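Novice: Below is the structure I would like to discuss, written out as structure tokens.
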Amino acid sequence: MTPSFFIFMSTTIMGTFITLSSTNWLYLWVGMELNLLSFIPLVASSQMLQETEASVKYFIIQAVGSGLMLTAGIMSTNPLTNFSFSSIIMTMFIISMAVKLGMAPCHQWLPHVMSSISWLMCMILATWQKISPMLLLIMLAPRETPFILFIVAMLSAIIGGVGGMNQSQLRALLAYSSIGHMSWILVTTQCSFNTFITYFSIYMLITVSLISLLMKSNSMQSKLSFSLSRMGTSMFSLIMIVMFSLGGLPPFLGFIPKWIIINTLADMDLYTIMMVLILGSLMNLFYYFNMTFNFILATPQSQKYFSMPAWCVIITMLCSITSLTVLIS
């Protein structure tokens, strides 16, 4: 970790806080640009060609999103804006946030960028960089006309599931998993702020845990099959437990927020959206199970029976007990 890393990391965090505390469109835009211009040097810090290329892609996409957002803000200041025109402005704002978050139909850049950067940058991109756009959607998205939000959410759920099934790279697979989770989080804009905080906090916790384990296991290779072959059986078992939690498999921790959202959507009679989100999550779980079966089949018979370390068992039991306690209550 160089001094420049801590400087740019600090300004990245500062940009997020400026965005969330801003009271007008100009300060909001300034905060997002500070966050963007601080994150770019972090991505390109290794000076590897693929990471430099990823930083350029990320900059161009985020600049387009910021331009759309600023245009929507300027148009909203027009005193002659009527209802139909304000709907166009809000649609433009939602699309700008979809571009920044990598949600469908503006998702193509996210798997390419995450496939080309380090695990640490993947962690920041999949967690911290999502905070500002999502909170802005929570604060500014209309509750009266959520049609465009639900369309984006359903598209992201399907793309996140289908796209991940065709991937052989760990980072790209996590990118599509992130797209799928953003669909659930986007739906919370029409539920409650507490639901959003619960889901996003658990999502960040599980994602940080998973990427930390992948970093610890030295899975530097992008190819999924090669990375799995280099892992120990115990480490892979723990990674699979965290992945199942990320996919929302009961009784793991990641199932709790999805269960809350399912109940909320059922109370609102939004069964179509609920079924699409569930279908996307089932596809996510499919490629997690597919990874598990591939690893088991590739493991020699003598290594298939092993003793799991105590700390692995404790983490598994805590995840299961926590989920079961919440569901029973």
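Glycine is treated like the rest: Cβ placed from N, Cα and C.
Given the structure is predicted, the values throughout are model-derived calculations rather than measurements.
The domain 'NADH:quinone oxidoreductase/Mrp antiporter transmembrane' annotation in TrEMBL covers 22-282. Annotation source TrEMBL lists transmembrane segment at 56-77, 83-104, 116-141, 147-165, 196-215, 236-256, 268-289, 310-328.
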Novice: May I ask for the residues of the chain that lie six or more residues beyond the transmembrane segment (268-289) and have a Cβ under 8 Å from a Cβ within it?
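Specialist: 150, 153-154, 156-158, 160-162, 164-165, 167, 173, 177, 180, 183-184, 187, 190, 240, 243-244, 246-249, 258, 261-262.
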Novice: Tell me, please, if the transmembrane segment (147-165) and the transmembrane segment (236-256) are in contact, taking contact as 3+ Cβ pairs under 8 Å between residues separated by 6 or more positions?
Specialist: no
Novice: Six or more residues beyond either end and a Cβ under 8 Å away: which residues meet both conditions relative to the transmembrane segment (196-215)?
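Specialist: Answer is 119-120, 122-123, 126-127, 130-131, 134, 138, 170, 174, 178, 181, 184-185, 188-189, 235, 238-239, 242-243, 245-246, 253-254, 256-258, 260-261.
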Novice: Let me spell it out: take the transmembrane segment (83-104), skip the flanking residues so only those 6+ beyond its ends count, and list any with a Cβ under 8 Å from a Cβ in it.
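Specialist: Residues 32, 61-62, 64-69, 71-73, 75-76, 110, 130, 133-134, 136-137, 140-142, 145, 148-149, 152, 155-156, 158-160, 175, 178-179, 182-183, 186 contact the transmembrane segment (83-104) from elsewhere in the chain.
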